[in-house]
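Student: Got these off TrEMBL a minute ago, pasting:
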- C383: active site, nucleophile (ACT_SITE)
- C262, A263, A264, P265, G266, G267, K268, D286, D313, D330: S-adenosyl-L-methionine binding site (BINDING)
- 171-445: domain 'SAM-dependent MTase RsmB/NOP-type' (DOMAIN)
Amino acid sequence: MTQTPRQLAFIALRSIHKGAFADGAVDQALHQSNLALLDRRLLTELVYGTVRRQRTLDALIDQFAKKKAAQQPPDLRLILHLGFYQLRYLSQVPASAAVNTTVDLAKQNGFVGLAGFVNGVLRHYLRASETSDPLLLPSDPLGRLGVLHSLPDWVVQVWSEQFGLEETDRLCAWMNQPPPIDLRINTLRATLDQVETAMNAAGIDVRRIPLLPQALRLPVGAGAIQTLPGYQDGWWMVQDSSAQLVGYLVDPQPGDTIVDACAAPGGKTMHLAELMQDEGIVWACDRAAARLKKLQQNVDRLGLHSVHLQTGDSRTLPQFVNTCDRVLIDAPCSGLGTLNRHADARWRQTPDSVQDLSQLQQDLLTAAATWVKPQGVMVYATCTLHPLENEAVMGRFLTDHPNWSIDRPPRSSPAAPFVTKAGWIKVLPHRHKMDGFFMVRLKRHDL
Ligand SMILES: C[S@@+](CC[C@H](N)C(=O)[O-])C[C@H]1O[C@@H](n2cnc3c(N)ncnc32)[C@H](O)[C@@H]1O
């Protein structure tokens, strides 16, 4: 069968439907094909976009086909998703091409007899969209946002309880936009000015980020990361601006002993080592050995010497008890603050998985607290916007540990302007234009 980007996208979608991760399925499709650059981009866009928008696309099938999406043969449902996705979201694909290629896809994949049906459904949608958006939305406000922005109702509910419907609408919309890519300058190897000058000389119009002294934002389409100026020399690494705030909140000092309890692939570990001038020890712990390998590659590229690796479960590392000046727990979480970065992430979490994560976070925090010396500091961070993983974990920890309290960073800290009345930082992507994050700095008070 000919390798068109649409056929390859369909195959990738089929494997995602069977449980594969979207990133892996796209990588595999690209690896096995010899498509030209534009077709590679189309394939990638089709797979990620279709996975991301599947709830909206199902709503269109429900509306325009006689049988509901859930009752369609699974492969035909994916083919219709691909067709609707192109018609609704890809302005660069002419409508006739979107319809014809989807009909071809149906014929090539066992639905010759339903080619007329596919054609009819898509053309029906096209006619209906001539005057206005034909998508019918549920009348209940949560379902309305869920279908419009293609998110599960439980996520919309969790957000609307925290931020209200209007802000949730904007937050949901953010999660369907291409994520920005930020760099954090390795100040042990280069200055912000130096990297900015090198990027500009290469025609890459980087932008500074207000309040963040080490951050530059890449323009859309800057090219492959490994080919950008300064990559090979370890001048910078990719790290979102909000993740950079975590390092400032820890505020490491030269000579400190620090444990980064959930460290891989190491964005924050490297930042801590840089902030302490690479003097002292940063233990990078993680239970995923393969991810620690990536961390080691980053350490080598940035030329750091103070980072030491420890593979294992951070709930059971007794060797660190009472040894640390600072501890960071960048906890495993549901990732609701970074849904725009992984097309399938919104469909992988459930209210039950959030409960499990909340318990794991609590256990990590309790174990890591024993590592901190009296008067020492511990920072807890997640890239989610779920109160069970943030405020609730914090509330329980503080109730169970009266010798700990929330500690504000010094005024001079780049993190200080972000601290809320409650004493923690909660980065909201649609307001701050960065990944959603929760972070709090805690201090141990007993002697
Ligand atoms: C949010 S990621 C960390 C990202 C990292 N701090 C960075 O900035 O690149 C969470 C990490 O926690 C690790 N992890 C999950 N459970 C763990 C446990 N019980 N002990 C140690 N690491 C764990 C995962 O393997 C994952 O690498």
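Cβ from N, Cα, C; glycine included.
Describe each of these features in terms of where it is and what it packs against.
Tutor: Secondary structure at C383 (active site, nucleophile), as computed by DSSP, is coil. Taking all protein chains in view, 26 other C-beta atoms sit within 10 angstroms of the C-beta of C383 (active site, nucleophile).
Here D313 (S-adenosyl-L-methionine binding site) comes close to R287: these same-chain residues lie at least six apart in sequence, with C-beta atoms under 8 angstroms from its C-beta.
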Student: How many Å separate the Cα atoms of C262 (S-adenosyl-L-methionine binding site) and C383 (active site, nucleophile)?
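Tutor: About 13 Å separate the Cα atoms of these two residues.
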Student: Does anything in the same chain, at least 6 positions from G266 (S-adenosyl-L-methionine binding site), have a Cβ under 8 Å from its Cβ, and if so what?
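Tutor: Listed in sequence order, they are A284, K294, L295, N298, V299, V307.
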Student: What is the interatomic distance between the Cα atoms of A264 (S-adenosyl-L-methionine binding site) and C383 (active site, nucleophile), given in whole Å?
Tutor: 14
